[in-house]
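Asks: Have a look at the structure that comes next, please.
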Amino acid sequence: MYKAQYLWLFGLVLISRSATERTTPKINFTTVVGLKTTPAMRSSSASSLGGSLPMVINTWNFTDANFLAWRILNVTQGGLRQTRNAVVEGCTRCEQQQCDRTVGYGGSPDELGETTLDAMIMDGSSMDVGAVAGLRGIKDAIRVARHVLEHTKHSILVGDLASQFAQAMGFRSESLATPESKAMWMEWTAANCQPNFWRNVHPDPSISCGPYKPKATPLTRWKEDRARTEYSIGHLNHDTIGMIAIDAANNIHAGTSSNGARHKIPGRVGDSPIPGAGAYADNEVGAAVATGDGDIMMRFLPTLLAVEAMRAGKKPAEAAEVGIRRISKHYKDFSGAVIAVDRLGQYGAACYGMTEFPFVVSNPSKTDIPSRQESVKCITGKEAVNVV
């Protein structure tokens with residue numbers, strides 16, 4: 001059932017290949033990945049760009065995922081009725097390629113050495129959501145999320161029972177471990193499980209592995225404990241793919257896929273599958289996607305904040321800053337980014353805790369280059385004091 005459902009899509013992409021190549025320059029991916037077609041934007045004063053539809057935009061320099069999504073979007077004129085296919089298959093490409101080992105199988109093993117997956121797809125027309133969290137033994141996370149959206153009245157399925165649902169829908173169960181993920185886990189355990197996500201437990205999590213038990217510690221000390229064992233979030237950790245596709249009729253889908261935080265406590269769910277945290281879409285306004293320290297970001301629903309800021313009149317770049325500044329007010333060591341796009345295709349981004357944040361854009365533009373990489377300079381600690 002699962003294979004049959006996607007054979008038609010594969011056929012459409014092949015059929016459109018020759019037509020697409022007649023209108024699209026051949027791409028040297030080595031060149032495109034290193035390309036900055038737009039001067040780096042400083043997020044504290046960035047102007048929003050674009051305004052052309054249809055479009056696909058995604059986090060990080062995941063160019064292949066964007067390029068496939070763009071081709072699928074162009075199966076029909078103006079991308080009509082293809083935004084869901086574009087986002088799902090674009091993110092699937094990243095899952096298959098194990099982008100930065102932070103998306104898909106074989107990356108970010110938890111404390112027990114297991115890789116689990118989170119993913120979401122949101123329809124900006126109906127406001128329907130399909131998501132999976134802690135998905136075990138199924139590689140096609142965002143395709144399973146699509147089945148949650150299309151075949152259930154629920155929004156999120158989690159854990160083993162999400163895997164059972166996937167199998168009932170025709171997905172194959174298989175190990176998500178690879179020699180690389182096993183080696184990553186063994187290296188971590190050999191280093192006394194450092195760093196990790198525990199606090200206020202014994203034995204001391206900063207120097208030893210568990211099992212841990214809670215200890216009676218004054219609540220005022222938790223920040224000190226957190227600092228000793230906290231991860232450096234950024235490249236190669238928490239690099240969720242978030243993708244937005246908009247067609248010429250302003251129909252929007254937004255989606256995410258991630259294998260979560262490396263060496264997370266088993267059972268942990270990040271921001272990626274949470275509507276308003278990992279992604280949010282509303283045809284009346286636009287959409288936003290986020291990436292970074294999900295445990296912190298999900299507490300602020302930054303993609304919902306960005307969409308609502310655009311609804312209130314802010315430009316996309318300004319809207320992306322809203323959540324970033326609010327988070328950084330409370331968490332000075334936080335690291336993350338938000339991309340915001342309005343319904344007309346204007347886009348902007350903001351980031352914090354990094355030097356620069358790359359993203360990939362495809363739209364009808366003066367350069368006529370699909371899947372071009374752009375970047376934004378990140379807000380510094382001093383700039384972040386002006387909270388929106």
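Note: Cβ is positioned from N, Cα and C throughout, glycine not excepted.
The signal peptide annotation in Swiss-Prot covers 1-20 and rests on sequence analysis. The feature disulfide bond is assigned by Swiss-Prot to C94-C99, C193-C209, C351-C378, with similarity to another entry given as support. The active site, nucleophile annotation in Swiss-Prot covers T240. If you look up Swiss-Prot, you'll see R268, V269, G270, D271, T291, G292, D293, G294 marked as substrate binding site.
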Asks: Hey, does DSSP put C99 (disulfide bond) in a helix, a strand, or just coil?
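Replies: Where C99 (disulfide bond) sits, the three-state DSSP reduction gives helix.
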Asks: Comparing the binding-site residues D271, D293, which residue's C-beta has the most other C-beta atoms within 10 angstroms in this structure?
Replies: D271
Asks: Out of T240, T291, give me whichever of these recorded positions has the highest number of other Cβ atoms within 10 Å.
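Replies: Result for the most crowded candidate: T240.
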Asks: Which residue, out of the disulfide-bonded residues C94, C99, C378, shows the minimum number of other Cβ atoms inside 10 Å of its Cβ in this structure?
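Replies: Lowest Cβ count within 10 Å among the disulfide-bonded residues (C94, C99, C378) is C378.
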Asks: Determine the Cβ neighbour count for C209 (disulfide bond): the number of other Cβ atoms within 10 Å of its Cβ.
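Replies: That number is 17.
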Asks: For C193 (disulfide bond), which residues in the same chain are close in space, meaning a Cβ under 8 Å from its Cβ, but six or more apart along the sequence?
Replies: E111, P205, S208, C209, G210, H263
Asks: Which of the recorded positions listed here (C94, C99, T240, C351, C378) have a Cα atom within 10 Å of the Cα of G294 (substrate binding site)?
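Replies: Taking C94, C99, T240, C351, C378 one by one, the ones whose Cα falls within 10 Å of G294 (substrate binding site) are T240.
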Asks: Among R268, V269, G270, D271, T291, G292, D293, G294, which the record lists as binding substrate, how far apart in Å are the two most distant Cα atoms?
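Replies: Overall maximum Cα spacing for these binding residues reaches 16 Å.
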Asks: Which residue, of the recorded positions V269, C351, has its CB surrounded by the fewest other CB atoms within 10 A?
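Replies: Relative to the other recorded positions in V269, C351, V269 has the fewest Cβ atoms within 10 Å.
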Asks: When you rank C94, C99, T240 by Cα distance to R268 (substrate binding site), which of the recorded positions ends up on top as the closest?
Replies: T240
Asks: Considering only the recorded positions C94, C99, T240, C351, C378, which residue has the minimal Cα-Cα separation from T291 (substrate binding site)?
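Replies: Nearest candidate: T240.
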Asks: I'd like to confirm something. Which of the recorded positions, C94, C99, T240, C351, C378, has a Cα closest to the Cα of D271 (substrate binding site)?
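Replies: Considering only the listed recorded positions, the nearest one is T240.
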Asks: On a C-alpha basis, identify the one among C94, T240, C351, C378 that is nearest to V269 (substrate binding site); the candidates are the recorded positions.
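Replies: Nearest in space to V269 (substrate binding site), counting only the recorded positions, is T240.
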Asks: Given the recorded positions C94, T240, G270, G292, D293, state which is nearest to C351 (disulfide bond) when distance is taken between Cα atoms.
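Replies: Result for C351 (disulfide bond): the nearest of the recorded positions is G292.
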